[in-house]
């Protein structure tokens, strides 16, 4: 009897010790966002309707139909007149960008964001950074951009630095996943993530419509984030990472090729976006949610959805009706999420994701306004949208944020953040937040100034782009 009791006590002690180790390990794996800063380009890089037309008109290969296509795309893109473009493009050197142009563009964005980040997070200096992850998809010099940062801020010799390229618009979430995994083996560590994109040498100068889209959507911007797993800094944190799920559908040829860098028939390099892009985004997002939803939604919502799905299948087996799609059965993400940060990559993506998730105009407003004010800033776009939420004082302690992004390959990545305290910093929106939200259905400035290009009579005359230049 005594031996049996001793064995039971030993088993209980062993189980208790394993549970304690698991809990302690989970504590060490926490990931907190202490601060983030978005880059605000100078006014001489601003792309108004007139300056945009001036750049487009320099392409002597464009005809009337291509010009009409560009005007239609711009007016339906959801982008306003206050976005920013690389300086060499504005200066008329889009076809002759140099390495100096690329490095100057990166230095201007990255160092500005990091300078502001370290000024905000006064308790942590560059010498206290243990991990550095930089993601720029279209530019990978040697030494790397991460080495350039280490040199500029004189960081420690033992820093763990990484440079990600080719990851597309969802690269920020991939970089955070890298940090989160490194936190598992590094206690009380501080990490920096830098996200931006190189536009200087990547302006498409051809006439293929599927490759002209990027000129209409992508703009200059960038962001730097400071993360830690040091629980003693928890009280300073803005956000805590609750869940992160990545999905890669690159084994599907159509998904792989729907967003890809290629050369057109004339040898002009650019980024081709195909019609399959929206379908690829929908499919990858659905697969991602199948993994993420059980983690972030309450059990009652999961059970309700499963019962509705099962009933739908039973009902259709006795009738001739087609079964409803899973999304039409109403998985209510708002039972586990208060705010939605859809990547502001384009109006079609924002509206498509919003509709499929049953989101209101209020829910997608931050993404729409970030797209309008700053354009598609690639992997940094999430943080301009998050900054909008904070500037509008939407984020309250305990709220949860779903951050959803898509990238070439084809990738879909989702993060769920928890707000650690009420947030109200106006950040990069300080000069314009009072003028938002804007009515995006009002007359577009591009159409208002250049809508005459759609007049029918132009089809009967020869349209000479060389004469259509704004001085």
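For all residues, glycine too, the Cβ spot is worked out from N, Cα and C.
Whatever TrEMBL says is automated annotation, not expert-curated.
Record features (TrEMBL):
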- 169: active site (ACT_SITE)
- 248: active site (ACT_SITE)
- 339: active site (ACT_SITE)
- 343: active site (ACT_SITE)
- 372: active site (ACT_SITE)
- 376: active site (ACT_SITE)
- 25-308: domain 'FAE' (DOMAIN)
- 336-418: domain 'Beta-ketoacyl-[acyl-carrier-protein] synthase III C-terminal' (DOMAIN)
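Overlay of TrEMBL annotations on the structure.
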residue : record      : Cβ neighbours (10 Å)
169     : active site : 29
248     : active site : 16
339     : active site : 21
343     : active site : 29
372     : active site : 21
376     : active site : 25
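If you check the active-site residues 248, 339, 343 against residue 376 (active site), the ones with a Cα inside 10 Å of its Cα are 343. Taking residue 169 (active site) as the reference point, the active-site residues whose C-alpha atoms are within 10 Å of its C-alpha, out of 339, 343, 372, are 343.
For residue 339 (active site) paired with residue 248 (active site), the C-alpha to C-alpha distance reads 24 Å. Per DSSP, the domain 'Beta-ketoacyl-[acyl-carrier-protein] synthase III C-terminal' (336-418) is made up of 38 helix, 21 strand, 24 coil. Rounded to the nearest whole angstrom, the C-alpha distance between residue 372 (active site) and residue 248 (active site) is 29.
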